[in-house]
Structures are given as structure tokens and as C-alpha cells.
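According to Swiss-Prot:
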- 131: active site (ACT_SITE)
- 75, 76, 77, 116, 117: substrate binding site (BINDING)
């Protein structure tokens with residue numbers, strides 16, 4: 001059984017000491033999504049939302065969120081991130097509902113992984129899209145948020161299998 005590393009001998013929270021870990025290249029890819037109605041889909045696609053360019057703003061929010069993960073997730077280490085990317089792709093198969101898939105990739109060269117940074121980026125990206133379009137429809141659905149893959153570090157690589 002795996003032990004919880006963020007709990008000390010007294011049962012209280014602690015931040016894990018990574019001093020003795022090896023410096024390696026670490027990358028994590030996370031996914032989230034938001035399902036919107038046709039009006040919002042058209043506003044985003046045609047860049048006609050009155051608050052501005054929704055995707056550009058959400059992309060910047062995702063990048064900022066990754067950079068600030070350690071300030072909102074208590075046991076995360078502050079990391080010198082070396083790369084953050086946010087990609088979007090529309091799924092139009094269930095029109096008149098449209099799902100915007102969000103994929104975030106975060107990398108560093110360091111002593112601990114960037115899974116939480118990638119997940120935080122994906123979440124903040126979806127939340128920003130909701131915030132910028134909620135005046136049109138508050139019924140949007142933010143979908144599952146999950147880690148797609150990670151590489152580097154002591155625990156090795158991870159690749160989510162379909163259906164996992």
C-alpha cells in the first residue's frame with residue numbers, strides 16, 4: 001500500500017522534502033472540457049463575445065494558474081516552470097451542444113513533478129471560459145478534469161488508458 005507522503009508522524013500536514021531527489025525533465029499533460037450552447041459556440045468561434053477574445057483570455061488564465069499552483073494548492077512546491085501550453089479543440093458531434101476540449105502541457109527540469117500545475121491550468125482555463133460567457137448561459141457544464149500523461153521522476157511515466 002502506498003503511504004501518504006503529505007502527512008507527518010503526528011498525522012498533520014507537511015510539505016514533502018524533495019532535497020535528495022534527482023533533477024530530471026518532467027512533463028505533465030492534463031485535460032478538461034466545457035460544454036456550451038450554440039450561441040456561446042458561435043461567440044467563441046467568431047470572437048464576438050462582448051468581454052473580449054475568450055480563448056486568448058482563457059489561455060492566459062491557464063498559464064497564470066500553472067505558474068501560481070503552489071499558492072493555491074497547499075502542499076505543492078513552487079517550481080521554475082520551463083514551458084506551459086494550452087490547446088483547444090471543438091467537438092461538434094452533439095450539436096446544438098458543443099464541447100470545447102482543453103489540453104494543457106506543463107514542463108520543468110526539477111526535483112518534483114508538474115501534474116498539479118497541468119491540472120490547475122486545465123481547470124482555470126475552463127473556469128475562465130465559463131466566467132467570460134456566463135452572461136449568455138449559466139447552464140454550461142465543465143467536464144471531467146484528469147491527468148492524461150506524465151513523464152520523468154522517480155515514479156516513472158504514466159499514460160492514461162482509454163476508459164481509465
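These residue numbers are counts, starting from 1, taken along the chain as shown.
Quick reminder: no glycine exception, Cβ is built from N, Cα and C everywhere.
Cβ atoms within 8 Å of the centroid of the Cβ atoms of 75, 76, 77, 116, 117 (the substrate site) belong to the same-chain residues 69, 70, 73, 79, 112, site residues excluded. Across 75, 76, 77, 116, 117, which the record gives as binding substrate, the greatest C-alpha separation is 12 Å. Just so you know, of the binding-site residues 75, 116, the Cβ with the fewest other Cβ atoms around it within 10 Å is the one at 75. Neighbour density for residue 76 (substrate binding site): within 10 A of its CB lie 18 other CB atoms from the protein chains shown. According to DSSP, residue 117 (substrate binding site) sits within a helical segment.
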